[in-house]
Amino acid sequence: MSIALKQVFNKDKTFRPKRKFEPGTQRFELHKRAQASLNSGVDLRAAVQLPSGEDQNDWVAVHVVDFFNRINLIYGTICEFCTERTCPVMSGGPKYEYRWQDDLKYKKPTALPAPQYMNLLMDWIEVQINNEDIFPTCVGVPFPKNFLQICKKILCRLFRVFVHVYIHHFDRVIVMGAEAHVNTCYKHFYYFVTEMNLIDRKELEPLVSVTVQWRHPGHPRSSATCHRTLPRPCKLMASS
């Protein structure tokens, strides 16, 4: 990473403290292997494939925590520009609106300003990944039977951060010189969730023009910029 990017993505701008893996654990070793593959310049589609002989739940757990850390960092760089005035609704352009529901305070899908939605989202994910009953750190402790379902929900909600950043704040990302970094992070995320079937394809529609740009250069749908969306009826999407 260049010096300029290091200044952009510094620890002081991290939205939440990073969750780390304990050295000596299997998950720490998987994390190191995954990072080594990314740093070696290997094709991202190959980097996300489950290594032979490894447990799927461990592989997913490592990536969920890693994406949480990375997406926290990305949002942290633009959060000062994401306010209740600039973003009174958590949305992805005029077509998509995301409403918050957590079965605690918000028992029904509720429209919220984007920064409030982000705070609730990151708090909720932190609770999940720090819960030993869901993300066990001790060797030999099994994952819960519904582990993949929980991870699907976490990743689906994290995707919405990408949607909001790309559509409403990508101009700031460009000004910061962080476009390539954010694009690479999203590519990694996209290839992982599609390889492991962790997000329904319909959920990925808000960024289809972004995806087409690097999967099928020259395709008519790739001509739309990632931070512009044609006016269409708003599609309400609860955080289910």
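From the backbone N, Cα and C atoms, a Cβ is placed for every residue, glycine too.
What TrEMBL lists as Zn(2+) binding site is Cys82, Cys87, His164, His169.
In this structure, of the binding-site residues His164, His169, the smallest number of CB atoms within 10 A of the CB marks His169.
For Cys82 (Zn(2+) binding site), the same-chain residues 6+ apart in sequence whose C-beta sits under 8 angstroms from its C-beta are Tyr75, Ala114, Pro115, Met118, His164, His168, His169.
Same-chain residues at least 6 positions away in sequence with a Cβ under 8 Å from that of Cys87 (Zn(2+) binding site) are, in sequence order, Pro113, Ala114, Pro115, His164, His168.
The residues near the Zn(2+) site, meaning same-chain residues not in Cys82, Cys87, His164, His169 whose C-beta sits within 8 angstroms of the mean position of the site's C-beta atoms, are Ile78, Phe81, Thr86, Ala114, Pro115, Val165, His168, in sequence order.
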